[in-house]
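Under the heading domain 'G-protein coupled receptors family 1 profile', TrEMBL lists 1-250. Under the heading transmembrane segment, TrEMBL lists 23-43, 63-85, 114-139, 195-222, 234-253.
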Amino acid sequence: MTFAGVNDLLGYWIFGAQFCDTWVAFDVMCSTASILNLCAISLDRYIHIKDPLRYGRWVTRRVAVITIAAIWLLAAFVSFVPISLGLHRPDQPLIVEDNGKKYPTCALDLTPTYAVVSSCISFYFPCVVMIGIYCRLYCYAQKHVKSIKAVTRPGEVAEKQRYKSIRRTKPQEKKKFKVRNLHHSSPYHVSDHKAAVTVGVIMGVFLICWVPFFCVNIVAAFCKTCIGGQTFKILSWLGYSNSAFNPIIYSIFNKEFRDAFKRILTTRNPWCCHQDIGNIHPRNSDRFVTDYAAKHVVAMNSGRSSAELEQVSAI
């Protein structure tokens, strides 16, 4: 992004022709790795919701490291191999003229074949997978919220009976009890709403940042004069911005990601964090919904409802 900023501000490339191909390769590799990592995260959430009790055994530190390494190797293969072979751009050099002087430039001037293949691997295939997984994930979340409602009905009946036994108390005390009773039933609606908001924000920001760029990227490969240079630069930086939004989005909407960021950022200062840094997964007692009211439901109900609450919280 530093070299892209200098190139966009000056209007020409000052770092040499050889480094231009290296920069383009790194640009494609990092963008591809970012999107593929988001796809892997969606798969991780899906496994957590579908079978949370076996999640800790399936998604181990070794599996996570292998997955991350495979993603970066695939991203490097898509970028460095064809670019080093010169298959990514036309043969004619890119020159920009200013007041009669010619300056070299460096841009993603791709051949149609490479633009289509790289865009499919880097964006379109992962995008389809992410949309499918998050749709299934949201359906699972709604299903488990309904199951939790069915399991916790006996507790609600007990609360109603208790309410009948004290209905002759003072009006002020009855009002307090109504508020407290509503508080106990709210976690279902909170979890359902949170699932919808989380999925909507994650996919919405991802699509807004990357869809315009990858559509323009293919159009520009087939029609060199159809897309203006400034438009392509703006859409490129819009795609870059997605990498700035991701840590914020995932840490806000998921407690496990927040805890993971804390462990990573405080590794050199273990006195700041009293948790076990070596453990990639939180304890079972910490892997429930983050809503305080919902934790009370976990304590009231059977093991089945606890597992289902964990499935809802996995988003």
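Note: Cβ is positioned from N, Cα and C throughout, glycine not excepted.
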Grab the same-chain neighbours of the transmembrane segment (195-222) for me: Cβ-Cβ under 8 Å, and only residues 6 or more beyond its ends, written as numbers and ranges.
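Result: 35, 38, 108, 110-112, 114-116, 119, 122-124, 127, 130-131, 134, 137-138, 141-142, 145, 231-232, 235-236, 238-239, 241-242, 245, 249-250, 253-254, 312, 315.
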Which residues of the same chain, at least 6 past either end of the transmembrane segment (234-253), have a Cβ under 8 Å from a Cβ in it?
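Apart from its flanks, the transmembrane segment (234-253) reaches 1, 4, 31, 34, 38, 41, 108, 194, 197-198, 201-202, 205-206, 208-210, 212-213, 216, 261, 315.
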Six or more residues out from either end of the transmembrane segment (23-43), which same-chain residues have a Cβ under 8 Å from its Cβ atoms?
3-4, 15, 67-68, 71-72, 74-76, 78-80, 83-84, 88, 106, 108, 118, 121-123, 126-127, 129-130, 133-134, 137, 206, 210, 239-240, 242-243, 246, 250
Express the predicted model's confidence over the domain 'G-protein coupled receptors family 1 profile' (1-250) as a mean pLDDT, rounded to an integer.
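It averages 80.
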